[in-house]
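See below for the structure under consideration.
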């Protein structure tokens with residue numbers, strides 16, 4: 001018997017998206033499921049739909065099918081068989097019953113603890129050079145009194161009488177498809193299958209207590225504002241013997257009055273006098289690594305940028321060192337002596353006699 005095209009089975013084109021494939025499968029699986037459909041060949045159609053979905057929902061199988069069809073090198077993709085595969089019947093109807101699907105997570109299975117986040121504020125230099133600090137964080141740890149069981153010492157948990165220890169109960173519901181028996185978590189034991197008859201007086205049956213835990217955190221040199229550090233296994237304790245979560249330390253860096261940060265580079269503005277810019281000078285520039293000498297060539301213009309190699313921040317991942325960029329700004333004096341004013345007037349007079357750039361610009365604007 002020749003197999004129908006899988007896209008034809010689901011009523012889709014070959015360019016259908018994953019979401020369209022999933023929706024088509026759900027619709028047809030509801031229609032042909034043997035527990036619902038009264039059609040004579042419902043079982044065969046359901047298996048056909050399930051097989052088509054199993055192939056088209058898998059990227060690798062779908063690509064192979066698109067290239068070779070049913071006669072491909074791995075013809076016969078599985079499919080058919082039981083009503084397992086992609087979605088179970090309980091999954092299909094979960095939207096009607098509030099999510100009581102078949103693939104429930106075992107509440108007694110080991111689970112990783114929750115991750116925690118801690119905010120820390122550093123000074124500018126601390127972020128550049130790194131720091132080691134001890135932080136106190138509130139965590140939920142297993143109760144020492146009951147060893148995390150939640151039961152009073154000397155007692156133990158009992159099997160839930162309502163679900164006989166299975167953690168699930170059967171509930172009958174009327175649906176558009178008829179009366180359906182739905183399995184859902186037992187409300188008496190929260191799906192654990194166990195009940196605590198006598199609760200621990202310290203943790204009141206939760207098995208956990210709130211504590212403040214001291215943790216040593218190493219801040220790497222070169223960390224920047226907004227970056228975070230992961231401290232493995234320092235989050236909330238795991239559940240049912242599962243591993244602990246992680247701690248994420250989010251770093252905030254205070255602004256500096258003189259320096260600014262751009263990645264691994266440090267930027268600063270250096271005020272110098274008109275005379276230093278015109279005549280040239282050697283000035284002392286502060287860096288996070290100490291003061292350094294910087295030569296200002298004669299005739300330097302305000303806004304000129306100088307590079308101090310290797311005077312920036314270290315790369316937080318260890319890939320070298322940034323630089324410091326010094327932008328010079330002329331400082332115009334606000335108070336002058338009579339002698340200084342006379343010197344400037346004399347200088348200004350000499351400038352007017354020169355065929356300077358300013359005169360050329362002036363003539364250009366006048367159209368001369």
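Cβ coordinates are placed from backbone N, Cα and C, and glycine is handled just like the others.
Residues or ranges marked as domain 'J' by Swiss-Prot: 5-69.
Per Swiss-Prot, the feature zinc finger maps to 130-212.
Long-range Cβ proximity for residue 200 (Zn(2+) 1 binding site), meaning a same-chain Cβ under 8 A and a gap of 6 or more residues, is found for 143, 145, 146, 149, 150, 151, 152, 153, 207. As annotated by Swiss-Prot, Zn(2+) 1 binding site applies to 143, 146, 200, 203, with the evidence given as sequence analysis.
The repeat 'CXXCXGXG motif' (143-150): residue composition by secondary structure is 0 helix, 0 strand, 8 coil, according to DSSP. Feature annotation from Swiss-Prot assigns repeat 'CXXCXGXG motif' to 143-150 (among others).
Taken residue by residue with DSSP, residue 189 (Zn(2+) 2 binding site) is part of neither helix nor strand, so it is coil. In sequence order, 160, 162, 163, 167, 195 make up the list of same-chain residues 6 or more apart from residue 189 (Zn(2+) 2 binding site) whose Cβ falls under 8 Å from its Cβ. Swiss-Prot lists 160, 163, 186, 189 with the feature Zn(2+) 2 binding site, giving sequence analysis as the kind of evidence.
A mean pLDDT of 87 is what the model gives for the repeat 'CXXCXGXG motif' (160-167). The annotation repeat 'CXXCXGXG motif' is assigned in Swiss-Prot to 160-167 (among others).
With a cut-off of 8 Å between Cβ atoms, the residues of this chain six or more beyond the repeat 'CXXCXGXG motif' (186-193) that come close are 104, 107-108, 159-160, 162-163, 165-169. Residues or ranges marked as repeat 'CXXCXGXG motif' by Swiss-Prot: 186-193 (among others).
The repeat 'CXXCXGXG motif' annotation in Swiss-Prot covers 200-207 (among others). Counting residues 6+ beyond its ends, the repeat 'CXXCXGXG motif' (200-207) has Cβ neighbours under 8 Å at 142-146, 148-153 in the same chain.
In the structure shown, across all protein chains, 146 is the one of the binding-site residues 143, 146, 203 with the greatest number of other Cβ atoms within 10 Å. For the recorded Zn(2+) 2 site, residues 160, 163, 186, 189 set the reference point as the centre of their Cβ atoms, and the other residues of that chain within 8 Å of it by Cβ are 161, 162, 164, 165, 166, 167, 168, 169, 187, 188, 190, 191, 192, 193, 194, 195. Under 8 Å from some Cβ of the repeat 'CXXCXGXG motif' (160-167) lie the Cβ atoms of residues 106-108, 185-186, 188-189, 191-195, all in the same chain and six or more residues away from its ends.
Across the zinc finger (130-212), the DSSP tally of helix, strand and coil residues reads 0 helix, 39 strand, 44 coil. Look at the domain 'J' (5-69): DSSP puts its residues at 46 helix, 0 strand, 19 coil. Other Cβ atoms within 10 Å of the Cβ of residue 186 (Zn(2+) 2 binding site) number 21 in total over all chains.
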